[in-house]
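Now, the feature entries from TrEMBL:
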DOMAIN    A:27-208  domain 'ABC transmembrane type-1'
TRANSMEM  A:31-53  transmembrane segment
TRANSMEM  A:65-86  transmembrane segment
TRANSMEM  A:92-114  transmembrane segment
TRANSMEM  A:135-154  transmembrane segment
TRANSMEM  A:160-178  transmembrane segment
TRANSMEM  A:190-211  transmembrane segment
Amino acid sequence: MTTLGAAWEWLTSAAHWSGGDGVAHRLAEHLYLTGVCLALSCAVALPVALVLGHLGRGGALAVNLANAGRAVPTFAVLVLLLLSPIGGWGSWPTVIALVLFAVPPLLTNGYTGMRGVDRDVVRAARGMGMTGRQLLLRVELPLALPLVLTGVRIAAVQLVATATVAALAGGGGLGRIITAGFNTASTPQVIAGAFLVAGLALLVEGAFALVQRFASAHPGGGTG
Amino acid sequence: MEGMTAPPDDCLARNEWICGAYLSSRREILRDAVLQHLHLTVVSVLVALVVAVPLAVAARRLRWAAGPVLGLTTVLYTIPSLAMFSLLLPVYGLSATLVIAGLALYSLTLLVRNILAGLRAVPEETRQAARGMGYGPVRLLLAVELPLALPTAMAGLRIATVSAVSLATIGAIVGFGGLGNLIYSGMNTYFKAQVLTASVLCVVIAVAADLLLLFVQRLLTPWTRRGGRPGRAGPRRAPAPPKPAESAEPTGPTEPAQRTEPVA
């Protein structure tokens, strides 16, 4: 496979790793964008999901949001934001688009996890005189944690993917290596960029899967 | 572009988001883009369906195959779409086939998982009852297991189709993205009406496809409806598979959708 050989050569050439268009910088951009947006989306979605799940309200909202998130193309939202007045605010269009697509899995899984807590356990906790807040934080949240973490993992992988698409709309990150490769008709560069993106996505997926396993193997984690 | 010849007080000239003149003057372009979009989506989902059914059945029958098949689908599903299309570039070149292959791989992962989950959810007693009535393995599969797996499989098909409609837009990177092409060129020329129209059409196609499949699902599984009319020689009194609650199994990005029945 000469194409793979050329892609490997592209990847291992030091010149492609340094500078503003280099792999190192693009990777840093990608990680920074993903990390910031993951923190933002968790801060927005998780409290809402936990409170809604605790109250048992808004289930339809959580489900419909997930469906809408699937039906609306990320690329369309990115471009729509770019052409809107927000488009002038630097990297905000990208950040907003990324957060929009990371929220549904967080909300849906968080809500489902909270609703999935055994009702007998909840009644027992209430019978012991726990307040709503204690119930949420000490009983429901720990039991819902595996699913909450699943939501975080899905959101993180989704963010890595959306951040890649953002390159199509002029954003930074590893996707830029792919789009630049397409623009210069350099198949090796396209393949090299694709490997980097796929590798990062798989790494993120694997890392969060490990965190999940660790969290459920330790006390206070999951139901086991 | 044509904007130069437009009268100065036209919504095209003012570059408005909503523009009737755009719809009437670009009718052919829009129609072609919609047709390409439908072509990419339909072909990829059909190819995926043809491959997924035997794969899921094999994974169900051969115990050792289930792990690798599920692992592979997780890996495939984790790869971002732009990278997926790029990785297929040496194989298919800049072609519609590249986009179809990429979309088919995503649909395949969703379908295999859901069909397998559906097959696994068939109660053991049901299987034993069918065997007791003299059903062979093939008849058991075709007349009992697959029909009972149908609701879960159809849920997967709906998710796969909606996702394919949405992801097809990324095909614009190789020039075959259906409505995505219009979004891409609209972005480069700052053409608001084109971007909004193409985006809305994408969502309309996705919702229409979802509703159509929901309708097909209702037709195919009359026994899941309360008071459903007596079906043909089918498992009509079968325990309606409740919403597939396989929360114990850690699976990929599609989990929540499988757990909660998608609502249109």
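Each Cβ is built from the backbone N, Cα and C atoms, and glycine gets one as well.
Cβ atoms under 8 Å from those of the transmembrane segment (A:190-211) belong to residues 3-4, 6-8, 10-11, 16, 23, 27, 30, 34, 149, 152-153, 156-157, 160-161, 164, 174-178, 180-182 of the same chain, restricted to positions at least 6 beyond its ends. Between the transmembrane segment (A:65-86) and the transmembrane segment (A:31-53) there are fewer than 3 Cβ pairs closer than 8 Å, counting only residues 6 or more apart in sequence, so the two stretches are not in contact. Here the transmembrane segment (A:135-154) has long-range neighbours at 38, 42, 46, 49-51, 53-54, 105-110, 112-114, 116-118, 121-122, 125-126, 205, 208-209, 211-212, 215-216, 220-223, meaning same-chain residues at least 6 beyond its ends whose C-beta is under 8 angstroms from one of its own.
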